[in-house]
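What follows is a short report on a single structure.
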């Protein structure tokens, strides 16, 4: 791309600052608004491919919908003509910083608290995009940047899809979109991605931030994708070289393994819940995942795919039955949950060792309850749902093992089908009512009391969960919003999360004066406040450049949590244009310079100009820090410009010299005879010791040659 090209009549491009699989990113300038931008241009060789064009167009459309402080903003789109066709481009916010990929490579693992803080901001951005109906689908360290001010930015919505887009599922080999190391099991299987897929990928990123390595590694993307489906990652606290205290280890493992649950239903309900738990982890409080999760380490079966359910060792149905069952299980590639030294479990029961490990893994490391149950009637829902799920799972396992054993014992296929068919249609399995799939609208319950909102949603056929958040505008105990949002069309029985206001929770504004923006961002985050991304700048004679000189609200103010704090950063001493004073008298020049805020020094030099005239001004017309010292060169007025005396008499010459300012007197005008045979030059000055036009001191001695007649010149 020619650097002289003016895209869209307003954007100039300079160097390439990033490259990707289908585009290059240039540093640019918006000449209309005078701001720095980043311009992503599709590679010309891909611009003729309709698939890549659609992906590029979708990135622009998706990102343009998302106006969030933690998402890179899109300003404009367009296309430019190239020799081989038109090439589309996207004009984006220019973000200066490092990606998490670069940070991990250069600095190594992060401490869990800071990693959780970063990923909480990522989860906030994802929740915002999910509420707007957009799933990112490619969350990875390379797509998350920490700016120079310490802010988090989520980038690259290039493969994002709208929720409910039938084309968003992946099929066959070419459909493994995104990066395999952060691919959710459902995406790896070719199923549609939903918000919980982004939560899974975020859990993988958090795993890598804390351990320095992704949860799964392999020789090819497909071997990694297979592990996402079939394998359980090593808990983060057990990775070699990771040293965490027992409390932190328990909490870190619980949060990450919940986010990375194989079954989307076992992950966090939404990114907002994930963000809440991350902030609990960052502030050394007990995450809800550590309090409620049954076993964050066990792979989750897929309810709708019996072939994916891990097997459990069955009691022997006679020697032949036991041997046959074991043989078929091994031959089919199924994974046995029993290992040497464990006890066999009855159908539908957990192995004892597994239950003990689950209990040990979730022992709460503190106490923190951020969600509340209304009147106790919702407290048991989670437990009841879990029991139903385990019951259904046990039934599936019994069905599969019965089929295997019947087949081994030689019982006819008709009998096996009869057992499978009867059991799958019996009351032991959840009954699927096709009417439940009919979508209904979520009512608007904002600003209702919690009890009224719950009643209204339950009457409409929804399940309800609550979470709390402070809000300066919504009365305590009233609903701030819902997730999914009011008006969303969802199946009956969908769980709706109510966000209940805790009122105007107050916090003290920390003192940011003298801090840099990164430190200010950290202090504000610890106080529950937000740093305004629009940073003002102002000169300061006392505060170094890059340090904060002013903040609003002031330090010590009591404000609601979530409030925005605006800062003004020093640009160093104020810079002022040095006035043009050359040619002025020293008094006038000094007054003009000091009036502009400068100090003045004077150096006198020989000159034919009148005494006190400014001959030269240092940095004249340039921007200089206010208070800088400006040097002036001033004429002493001690010289004159030598006049031409040739052809004049001595009396005429004396008059001419005095008119020019000469102060030497008659004695300093000396003469000598200059022989000539030209009678017209007798008694005229023919030569002068100092050439005409030369600068000379006013009291200099001047010698002239006066013509005297001689026949011999």
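Backbone N, Cα and C define each Cβ position, glycine as well.
All TrEMBL annotations are machine predictions without curation.
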| When TrEMBL marks a stretch as region 'Disordered', which of 332-389, 390-447, 448-505 is it? | 332-389
| task | Could you name the stretch, out of 11-279, 572-636, 637-708, with the greatest number of CB pairs under 8 A to the domain 'PASTA' (436-502)? | result | 11-279
| message | I want to check the contact list for residue 40 (ATP binding site): same chain, sequence separation of six or more, C-beta distance under 8 angstroms. What comes out? | response | 23, 24, 25, 26, 89, 90, 92
| Structural state census, the domain 'PASTA' (637-708) (DSSP three-state) | 16 helix, 25 strand, 31 coil
